[in-house]
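Inspection log for the structure reproduced underneath, given as structure tokens.
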């Protein structure tokens, strides 16, 4: 008896609070309430026949979670702000629930969800339904739903004498587990609406999925079984009353025909008994701010980044790089960065979240609406918040280096800042080495000898693949997109990732538009020193590109490679080059000749990354011979038995003209 008296005392106390707040409404808030009422027709839907008056009770774990999120030192002010934030959050959830139930209209069921009050328990004593039954585990507290509802039923029955309601929802942050150990996100009894057992307990997930759970459990209270449970509706179609998630998300916020039949039958049974509480208004003193909050749209209160932060903490944000400059799928797939594991996790965006120009999310779909915000289709969420590169925000990063917007990743995460600059960078006065420094730091430079530039002039590739050296990574080059105005050949420049002729372009050589690679290129030598010591290196493709300016100046010293007395390309090249060959097998072809010699499969790669001196064969000569020193023959596979025939340290090289056996 004392237990019941304690509940009654709590209800009376809360009732006094309602009356005081209602007086504030009478004093001057009715204009704001009327404003939301006027817009109800476009936001909520058609006039309905059934109204479910819902009482929402927030347990202590829920209140404590929000209190910890609220800033402030004054305890009274902090609690007041926390309670206001909770009411706003709950109201926006119920707006979404109400929106989902308007979809029953296609079955002739017109239902509206009407919140009558949000009761917030601020101490463990006021929240016995969960505090008395919780079991603390290493992963957090757990509550058993049947025991919770047994206690909550007593409170709901007493509270209805002060705050009449058709259904009471208890929100908790504790994990819900049934006796078998199976986790649930919500629990309600089937076919209990308009009775003292019309109650449910919901585990709040801190995102719009909580609204889905509330709607699902209300469906049970209205008499609906799960789809596929004694009916013909397949749970794989993923309607609201499916027992679990489905790959088909199109029907998530819709009710199946089976659910509609269950609810029709239950409504008819209540009406036949003259006990249909949904056909009359039981409570006429709904708090004005509750009515106002229940008309507010979730995604307009909480921006997309806010929704991620509510779930994963203040360091979370929308992973804009997951969207290819189009955001219509954000409604069903809101990718949020989780700072704990550094991964992007998929949520669902709340109603009203922008998904394009005058488009917003409604029940998991991107819908056009003239009332939606005017934003960019390719950037409806704006820049990624916070530091995006070495602690620098998007506005600061792009204002200092607007050419970064031609990097695909940067253009996605800083789409709003880039929109001010992109397309205005023609004639940008920066060298390719400076562009690489902007992208990867002061020690970066343009990788002139990168393999992607083999086999043709730079203009074939450079406008889509500017290869930049990554500092502190030996010979590692990564690509970026060069800015418009970057030279790509004689009187040519990059424009929209194409190399085009321009009268304003620089008359640079097609084969050497960027000059020598700056700094040391090999063995602590710069291009000038390297070519002075080893001028024959200019016949190598990598060196010829990396040190193109120096090689152009040195070309008279190298002689005519086609001359009869050229002694196979260059006299000093007849020395033996020692190459440490690794890994498996690579077939090295000489021009179009079918004869092959198999070396390491990664020979070329190691040559360019680790700077091993490459071999050279002059493709214009009839008798050039490459000299190599080989490791024991057993480590390699040859096309022929040349290694066996000529000894472990000799090899037969076949070129156009007479074959030559070289003993090393």
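Backbone N, Cα and C define each Cβ position, glycine as well.
Straight from TrEMBL, the features:
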| type | residues | note |
| --- | --- | --- |
| ACT_SITE | 217 | active site |
| BINDING | 216, 220, 226 | Zn(2+) binding site |
| DOMAIN | 50-269 | domain 'Peptidase M12B' |
| SIGNAL | 1-23 | signal peptide |
Study note, to complete from the structure: Around the Cβ of residue 216 (Zn(2+) binding site), other Cβ atoms within 10 Å, all chains included, total 22
Exercise for review: Would you count the other C-beta atoms found within 10 angstroms of the C-beta of residue 220 (Zn(2+) binding site) for me?
Suggested key: 22
Revision key, fill the gap. Students should find that the Cα atoms of residue 217 (active site) and residue 226 (Zn(2+) binding site) sit apart, in Å rounded to an integer, by 10
Point to revise | Set of same-chain residues at least 6 away whose C-beta sits under 8 angstroms from residue 226 (Zn(2+) binding site) | key: 235, 241, 242, 243
Study note, to complete from the structure: Model confidence for the domain 'Peptidase M12B' (50-269), as mean pLDDT, reads 94
Study note, to complete from the structure: Taking the centre of the Cβ atoms of 216, 220, 226 as the Zn(2+) site, the remaining residues of that chain with Cβ inside 8 Å are 188, 190, 217, 219, 224, 225, 240, 241, 243
Exercise for review: Give the number of CB atoms, excluding that of the residue listed as 'active site' itself, located within 10 Å of its CB.
Suggested key: 22
